[in-house]
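Right, one structure below, let's go through it.
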Amino acid sequence: LPLLLEATLLRLASGSHHPFYNGFYYNHIMNDKGKGQEKVVYFNGAKLVVETSKDPIYSSSGANVTLPCHYHYEPNLEAKRKIRIKWSKLRDDYTKEQDVLVAIGKTYMAFGDFQGRTHLRQAGRREASLVISDVRLQDDGKYRCEVIDGLEDESDVVDLRLQGIVFPYQPPRGQYRLNFHEAERVCQEQGAVLATFNQLFQAWSEGLDWCNAGWLADGTVQYPIRLPRKPCGGLHLAPGIRSYGPRHRHLHRFDAFCFSSALRGEVFYLDHPAGMTLEEAKQSCQDAGAEIAQVGQLYSAWKFLGLDRCDAGWLADGSVRYPITKPRANCGPAEPGVRSFGFPSKGRFGVFCYKER
């Protein structure tokens, strides 16, 4: 074994062999000389230090955000060095990290959904900050900034959090009808994504209390309880997030907890003296230069824009709901929230429409 280890290290140190992988991409743009050979840089007792923000970075859907990252040497090295930078996104289910961007100098390559939306900000010396444009709901999470100098490799993690709202969702078919993949799809259809545990925990800390179990983005099934009661885990349990743990993503069926962020448009209400059917409601929104609102858009307008309307209206999924920020008589319970009439098969109501700014 010692001989095998020594041979491996000798191969890594040799410039005539392929470069050490280390989770990095060493294709065309990654070669120092562009000749298929990698130059190995040796350190002289200097320690590479990488630092990111210890506090979360907050943003919202559609915005631009910068994730700070800087590096230095201890003791300081004045000589200019050939540095590789890699950004990756950590997954909630602890599977392989998602590649975001890799770079050498001013040459970089972005991957997947981050193509065309990411670049490095290198305004200062030894800066490796990541700029994300047109932030999407899926961008929420932890990111690793990794700096590679030869065989020296250091990294740090920064947390990007989107300002948003978590809402429970049941399909028209009723309670506990969604497997994991169906839950992902219905959240997307409502202008949202499956919530992460951190997002659900934040919603619980802000007052969310819901006794039905729902899927989260990591494949676990959980639900938030503020007021312990017999049907929701029992009176003997303290308030908190109840967990069923990971469930089978195809076989098991529950509800969903969806996450939606701030809007780039507005939600408004349209009415008709005689009310409207669902199809008439969709047409009314189109006539107004808009589209019928999704459930996530109504929740976002309620939370971030203070939408308050004591009139029930159709939404895109066929449900009828209305948002209340100032509880009052004849408008439901004494707490603010989005009220639901379910999925009426018939009836005439107003409609909530959404229009991009």
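In case you wondered, yes, glycine gets a Cβ from its N, Cα and C as well.
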According to TrEMBL, which candidate among Cys310, Cys353 shares a disulfide with Cys331? Cys310
Cys331 (disulfide bond) to Cys211 (disulfide bond), Cα to Cα, whole Å, comes out at 22
What mean pLDDT does the predicted model reach across the domain 'Link' (266-355)? 97
Separation of alpha carbons, Cys310 (disulfide bond) and Cys211 (disulfide bond) (Å): 25
Please report the distance from the Cα of Cys310 (disulfide bond) to the Cα of Cys232 (disulfide bond), rounded to the nearest angstrom. 30
Out of Cys211, Cys232, Cys310, Cys331, give me whichever of these disulfide-bonded residues has the highest number of other Cβ atoms within 10 Å. Cys232
Helix, strand and coil residues within the domain 'Link' (266-355) as assigned by DSSP: 20 helix, 26 strand, 44 coil
